[in-house]
Amino acid sequence: MSNQVMLPRESGSFIASHSKDVSLCEEGISRASEIVFKSLKSNAYSYKTWKDHELHPKEMSKATVDWIFVLDTLNFSFWVDDGLEPWTIRHKGKDFQGYWALCAGINRAIEEGIHLTSPSYYRNITIDDLKHIFRSETSTEMPLLEERAKNLRETGNILAQTFQNSFAHMILLANKSAKLLLSMVINNFDCFRDDGDFCNQKVSFYKRAQILIADTWACFEGKGFGEFPDIDFLTMFADYKVPQGLYDLGVLQFSEALKQKLVTGQLIPHGDQLEMEIRGNSIWAVEKIYLAVKLKAKKSPEFSNMDSLELAQYLNSVIIDFYLWDFSKNVEARASIPCHKTRTIFY
């Protein structure tokens, strides 16, 4: 086995070329690229869309960097077992589930005077603290509370001891390089090191590490703490929601055996070949969509005058992932196949 860990883009290509139960449909990629391009071209979708969501912070400050870091330290595994009510946070008279419940819970805690976004606080956080902070309107608790507390303690201690008590200091040390910042995150925090073995090759996905950088970039609109000229180094964020959207768009194809597992709600263990095929093919599918959209952009008057660095800020795999995630959430109730169920801290 090669000890060299492939980065997510290489991993996606490698996994796609060695998969048995997941494949890509070129017609679906072509259709999806047309849909995405129309949305980008009409300015209906850009990094500014991130701040349109009511629960995301609007202020471009160091405090917001700390908010985003806590968000993506906890940004995983919101699905609940069949038959259970969803984990639900009520905030300002509205109920939120899943990822949005996480955002609402962080905001509610801050409003209640809890210093949840300070490493000095969460380096010592307990499960009971998290139970209170993320208390639910239903009988269903936030999943994986013990693992979430462990993540916060790990990252809080390292930020407090090594990085002047803030992820903002790591960003400054990375000197506007998304590539360097990704390396710093995965090398300093075990809970962000999302990799594994596939066909005797070490591969990586780095879902939360990449989305941490992408959320910062989007919130800060590519400026200040969010200035990353190489933002197009990042890939899509291989989770359980975007693959479902890619399947609905006809981009991903699943074997009958895999479809049966999904329809019957069977748990797929983290690190299983099926799980890696879903995630790796999703990365490679979005790369192919990105390349197709990029070709269209270069022929379009809206984008043709931009140089490659400028174009990368408007068009990249991050933006396409954001679009596909929102698409997947919007069609969730009528999706043609359920999400794959893997219980893990990595997504």
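Using N, Cα and C of the backbone, Cβ positions are placed for all residues, glycine too.
The active site, nucleophile or transition state stabilizer feature in Swiss-Prot is assigned to Asp239. Summarising the annotation, Swiss-Prot assigns queuine binding site to His53, Phe237, Asp239, Asp321, Asp326.
A map of Swiss-Prot features onto the structure.
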residue	record	Cβ neighbours (10 Å)
His53	queuine binding site	12
Phe237	queuine binding site	32
Asp239	active site, nucleophile or transition state stabilizer	27
Asp321	queuine binding site	27
Asp326	queuine binding site	17
Maximum Cα-Cα separation (Å), residues His53, Phe237, Asp239, Asp321, Asp326 listed as binding queuine: 20
Shortest C-alpha distance to Asp239 (active site, nucleophile or transition state stabilizer) - which of the binding-site residues His53, Asp321, Asp326: Asp321
DSSP-derived class (H/G/I helix, E/B strand, else coil) of Asp326 (queuine binding site): helix
DSSP-derived structure type at Asp321 (queuine binding site), helix or strand or else coil: helix
